[in-house]
């Protein structure tokens, strides 16, 4: 008898399905289809399909081998349907019943096998991607790619920044009118080149005219020489005289044409030079207008900045500084009140522990008010009698002990209260020193006092007045300077 794994190896074949025979006691059975996984998946799948009842598989395998060994049985292998028909009627009827439910189970097993195959195919790729994601963040190539990406972004940003700056500069030149001046500059450069060309043509025309004059003069001189020895002419001299006489008209016409060309070249050069000078003057005029416009804009911008500074100064001095001062005073008062409350609470706790009444600490504002009231009452000459009352703790102790004799109350001698020191406000001092004499020492001392570290106390009104006077003086000085140095 074969062992169980050997039976599995002999029985489980690719694409073969077997009908599971059951005992008569079972009501219904389900057929199963066992498919061998590909060689790549056998290591993963193992005996996944062998999880069906081993007893049923063992019975099917033994029946299969008994039929094959005897050779006379009526069972045969149905390769298309993937089932076996046995010789006994019970197995055939069970196989027929199982064929009705076999398509559903076989389709389910096929779908599960397909999903497992897809998972086995996708498994290495997903694991590879996961490993790359885990190790890719720390590899030098990853950092290099990120650095190159950042450098590309930075270079693109710089290129865009340069183009944006160029476009903004061009729009600013269009608004201020400097673009027209640039066009004038280019036109002047072209006109200068044209003037150079005209001057070159003038020189060439002069050379041609001089050559024509020399050629005609030479011919006339030769004619005169021939006329002087007219009585001794030879046939060659006669032919030469006739040729010179005929060419004299052509030389005269060439001289006239060279003279006309020279005059035209000189006229064109003069026109080009005049146009160039006009362009230079117009450029100078436009540049002066542009500089005046820029100077005017800078002046108004300076005035605007001065106005903004003065406005901010006034806002800070009128609104922000008082608010900040109030906030500081409020915070200081809150801290003082908290300290006083803590001190009163500590004194009350100490008095409760000792059985004595607590002495409350009055705030400084109440103390000053009481001192002023006492001073006013002393000035009026009113003597207000003072009565001292027994402490509540003493009264309660006497009431609780009725057997003890009640001692008469002894009024303590009033201690002389110290006279409150009058609150003297610091005198307001001016920013500028007092009027000094005209001596150099006094002026030197005054100048040093202006930059000394002497503390000055002044009111808000004086500070605002000084600020406004300074702003007005600066505006007046700037107006005078602009009126003096402004170009006419």
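Placed from the backbone N, Cα and C atoms, the Cβ positions cover glycine too.
Since the structure is predicted, the reported quantities are computational estimates derived from the model, not experimental observations.
Looking at 250-279, 280-309, 310-339, the stretch flagged in Swiss-Prot as coiled coil turns out to be 250-279.
Checked against Swiss-Prot, the range among 179-212, 213-246, 451-484 recorded as coiled coil is 179-212. Secondary structure counts, DSSP: the compositional bias 'Basic and acidic residues' (343-357) has 12 helix, 0 strand, 3 coil.
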